[in-house]
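Trainee: Provided herewith is a single structure, encoded as structure tokens, for subsequent inquiry.
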Ligand SMILES: N=C(N)NCCC[C@H](NC(=O)CCC(=O)O)C(=O)O
């Protein structure tokens, strides 16, 4: 039977802006208040997605969320018409307005954790939307994410949707950004690597000192239980707290895997050797563990260029390619490492560079922008086909962005009631294009 690993990229929303909302994410802090270009951001993302579809990969799209989120602002006591809610929030508490206007759902690696059917006890593909509790602006994504995923993967014979974990810091969950699955073939049972930043309940385990550890061990364990991924198929690894303190706020900023390849920085993991041994013991067959030493690429350069926030994809030929941001190509040392990597004799044979700078300036590289779902042919046939990217849908979405998106946005523009109207008009049209039904609050 055919098997696939589909990538579902987040379509960047019309309010994409730089608000400095993510303490611990260096790019987000550094670019706070810079003008953004939502149109360019969405087109950059679509271009990358289309290029992967053109390489013969299965590529889908995940719709953005309704922002500004006036419903949350109302919960915070801002009242009146929608325009008045925006105006009052802007006047007295611009931080709340910014948090409620972020287009952060574009980083769909944080949308959910997904376990393919070959790994789960009931033979279904399992989804748990991430609660993202560590950052307020992201914690308001989970409900709509749930609805969107259920509209895409609606067939209950194949897909099982869980509720997000309870909204508490002890169960902080950041989704697939801290989850990597290794396997021989996508439809064969693999080993799921759950990487966490700290344990909420065991005070003797190390913690970062400066920046937050967003994912807890307890959240990762709960997800493995919910998905029915047993001990033989899972490894729980703690992120090195020292790299979190250097800006590695998710594991996908310091490690990336695909099939039998794991590319990671030597400082990525705590208790590294024992954990890699456990991984090797549980993995059936040859495993390529590619360790990048600090002498070749420092943690700071990894954070700056997002060398590890690359996508490793398997091409129809069976060879693997790395999908990297142009920021890697522009950095002499990182470019030299990537040139060397394709000659190492591992399955990775080529590097393709993409400009996703609008997203990078908020700390989101190519891997942040996609949610991976490994499926067999039957499961893929059960996906809402309108969300899959082909030539026609790419053209339609490109025109949709060009028609509805602004090319410049500053934090003060977020209170413009016209922006809310533009967004709702655009999203209403999008739900028809992608056949998602009434997923947004304004449509209900
Ligand atoms: N590594 C992965 N998978 N995802 C990247 C997420 C970036 C996102 N940035 C933001 O939310 C910044 C928003 C702002 O500052 O305007 C975050 O920190 O959660």
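Count begins at 1; order follows the chain as displayed.
Just so you know, glycine gets a Cβ as well, placed from its N, Cα and C.
Sharing the record's features from TrEMBL:
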- 174: active site (ACT_SITE)
- 250: active site (ACT_SITE)
- 368: active site, nucleophile (ACT_SITE)
- 19-28, 110, 137-138, 214, 252, 362: substrate binding site (BINDING)
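Looking at the shown structure, what environment does each listed feature sit in?
Mentor: Residue 174 (active site) falls outside any helix or strand according to DSSP and counts as coil.
Annotation for residue 250 (active site): same-chain Cβ neighbours under 8 Å, separated by at least 6 residues, are 109, 110, 174, 177, 178, 214, 215, 368.
Secondary structure at residue 368 (active site, nucleophile), as computed by DSSP, is coil.
For residue 21 (substrate binding site), applying a Cβ distance below 8 Å and a minimum sequence separation of six or more within one chain yields 28, 98, 99, 102, 104, 135, 136, 137.
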Trainee: Taking ligand 1 as the reference, state which of the recorded positions 21, 27, 174, 368 have a Cβ closer than 6 Å to one of its atoms.
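Mentor: Once distances to ligand 1 are taken from each Cβ, 21, 368 fall under 6 Å.
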Trainee: Between 25, 110, which of the binding-site residues has the fewest other CB atoms within 10 angstroms in the structure shown?
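Mentor: Counting other Cβ atoms within 10 Å of each of the binding-site residues 25, 110, the minimum falls on 25.
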Trainee: Helix, strand or coil: which one is residue 25 (substrate binding site) in, per DSSP?
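Mentor: In the DSSP reduction, residue 25 (substrate binding site) maps to coil.
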Trainee: Going along the chain, which residues six or more apart from residue 23 (substrate binding site) have their CB under 8 A from its CB?
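Mentor: 29, 211, 212 - these are the non-local Cβ neighbours of residue 23 (substrate binding site), listed in sequence order.
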